[in-house]
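J.: Grabbed the feature section from TrEMBL, which reads as follows:
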TRANSMEM  28-48  transmembrane segment
TRANSMEM  69-95  transmembrane segment
TRANSMEM  107-129  transmembrane segment
TRANSMEM  141-162  transmembrane segment
TRANSMEM  182-200  transmembrane segment
TRANSMEM  221-242  transmembrane segment
TRANSMEM  262-288  transmembrane segment
TRANSMEM  317-336  transmembrane segment
TRANSMEM  342-362  transmembrane segment
TRANSMEM  374-396  transmembrane segment
TRANSMEM  402-421  transmembrane segment
Amino acid sequence: GSWNIIGSGIFISPKGVLEHAGSVGLSLIVWVCGGGICTLGSMCYAELGVTIPKSGGDYSYVTEIFGGLVGFLLLWSAVLIMYPTTLAVIALTFSNYVLQPAFQNCFPPFIATKLLATICVLFLTWVNCSSVRWATRIQDIFTIGKLLALVLIIIVGLVQISKGHYDALRPSVAFEFSQDPSVGQIALAFLQASFAYSGWNFLNYVTEEVVEPRKNLPRAIYISIPLVTLVYTMTNIAYFSSMTPEELLSSNAVAVTFGEKLLGMFSWVMPISVALSTFGGINGYLFTSSRLCFSGAREGHLPYLLAMIHLKNCTPIPALLLCCIATVVILCIGETHNLINYVSFINYLSYGVTIAGLLYLRKKRPNLARPIKVNLLIPISYLIFWAVLLGFSLYSEPVVCGLGMVIMLTGVPVYFVGVQWKEKPKWLYRLVEKLTYKGQKVCYVVFPQDDPSETEPLTAKATD
C-alpha cells in the first residue's frame, strides 16, 4: 500500500518548491521536513483511525467529534475543491508530459494542454463508470509506471553524482539564493511540497480493512512515509545533479528535460512512464472521491442520488460525474502552480481541524478505548507548525489561499438550508424527488440495499 502514497506530485512539485525556496539547499530541506510533518500527521490519524473505526477518513472523524457542520464543511471543500483541483493538476501534468517531447524548445500551446487533460479525465471517468474491475487493473499497471520513472531518475542521478557531477549540490553553491528567503516564501514552498505528499492520509481510508490495525497501522506509517521521503529527496537530488536551478525552473515537465539530457536515445521512457503514473493518479482520485460522496450521502450530507450505484456494474456513476464536471471546470480556469497552492492550503486546513479534533476528543472523552495512543507533543507540535504555515501562506498569497477559504465558507448556508432545516415545504421535497428520479433514469442507478454486506464490495475495492 505504501506505493499509493507516492503521488504524481513528485513530477510537478520540484519546480514550485525550488521557485519559492530560492535555493537548492533550502528546497531539499523543505522536502525532508515535509516528510517529517507527514509522519506526525499520520501518527495522529492512526490514533483517530482506530478510535473511530469508520471509513471515509477525516470526514468521518470530524463529523463524529465536532458534529455535523464542521464535518459538512470538510466534505463540501473536499467535493468542491480538494478532489477536483488535485485531479485537475494531475491531468494538466499528464498533458504537459505527453506534449513536451513534441514541442522540443518551447512550451506546448495552452489550448492543447487543456484539451488533452480534459480528454484524459473524461476517458478515466468513463472507465470508472463502466467497471470496478478495470479501474483496479489500471491501478496496478500504472503503479509500475510510476516506480519505473522514479527508480530510473534516481539511478541515473546517482551515476551522475558518482561521476563527479554535483556542482549544484556543493554546500557553497547550494545556498546561493536567487531571492532573499522570507518565511512567507518558505511557507509556500512547503505548500508545494506537501502536494506531493498528499496521499499520506489514504492509509486511513482503509482502516476497516487493515488486519490488526493496532500493530500494522503504525508499522505501515513508520515504513512507508520515511521511504517516500527518501524517494522524493533522492529524486530531487538526481534532478539537481544534472540540471542547473535555472533549467529546472524553465521546464514545464522536469522529468522529460532530465531524460532528454541524460538518457539519450532512451529519453522516450520518461514521458511515457510519467504519463502512466499520472494516469493512475487520476484513476485513484476518482475512486476515492466517489467513495467520499458515498459516505456523505449515507450521513445525509449530500443528495441521495450521489450514493446510488449502477444496477449492473455497481459503480457510483452520479458521484463520478459530479467529480468529473468539477474537475473539467477547474482545469479550464486555473494554472498548475496556483492550483497547487490553493489545494494544499485547503488540505492543510482540514488536516489541522482533524488533528485539533484529536486533542478535543482526548479532553472530552478521556476514557474512550484507544488501541493506539500518541504522545500529546505530537499533535501539539503539528498544530503549531500548522498555524505558522497557514498564517504565512495567507499573508504571501492572500488571493489564492483566501479564495479557498471563501469557497469553503459558502458551505455554511448550504448546510443550514440543506441539512439542518428539517421541515422543508412539500413542493421542495417533490422537486428533489423528481430530480433524483430523473437522475436515476439517466444514470441507470439505484440506492444500494440496506444490507451493509451488499455495499461493502463497492467501497472495499475502491482502495486496492
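Every residue, even glycine, has its Cβ placed from backbone N, Cα and C.
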J.: Between the transmembrane segment (141-162) and the transmembrane segment (262-288), do 3 or more CB pairs sit under 8 angstroms, pairs being 6 or more residues apart?
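T.: Between the transmembrane segment (262-288) and the transmembrane segment (141-162), contact is present.
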J.: Establish whether the number of Cβ pairs under 8 Å between the transmembrane segment (107-129) and the transmembrane segment (141-162) reaches at least three, counting only pairs separated by 6 or more residues.
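T.: They do not touch: fewer than three Cβ pairs between the two stretches lie under 8 Å.
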J.: May I ask whether the transmembrane segment (342-362) has at least three C-beta pairs under 8 Å with the transmembrane segment (28-48), counting pairs 6 or more apart in sequence?
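T.: They do touch: at least three Cβ pairs between the two stretches lie under 8 Å.
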J.: Using a Cβ cut-off of under 8 Å, list the residues of the same chain at least 6 residues beyond the transmembrane segment (317-336) that approach it.
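T.: Long-range Cβ neighbours of the transmembrane segment (317-336): 12, 79-80, 83-85, 87-89, 91-93, 96, 114, 117-118, 121-122, 125, 128-129, 286, 289-290, 293-294, 305-310, 342, 439, 443-445.
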J.: Mark yes when the transmembrane segment (141-162) and the transmembrane segment (221-242) have three or more Cβ pairs under 8 Å (sequence separation 6 or more) and no when they do not.
T.: yes
J.: Within the same chain, where does the transmembrane segment (141-162) have neighbours whose Cβ lies under 8 angstroms from its own Cβ atoms, ignoring anything closer than 6 residues to its ends? I mean 6 or more beyond.
T.: 3-4, 6, 8, 10-11, 169, 231, 234-235, 237-239, 241-242, 255, 258, 262-263, 269-270, 272-277, 279-281, 283
J.: Counting Cβ pairs closer than 8 Å, which of 69-95, 182-200, 342-362, 374-396 has the most of them with the transmembrane segment (402-421)?
T.: 69-95
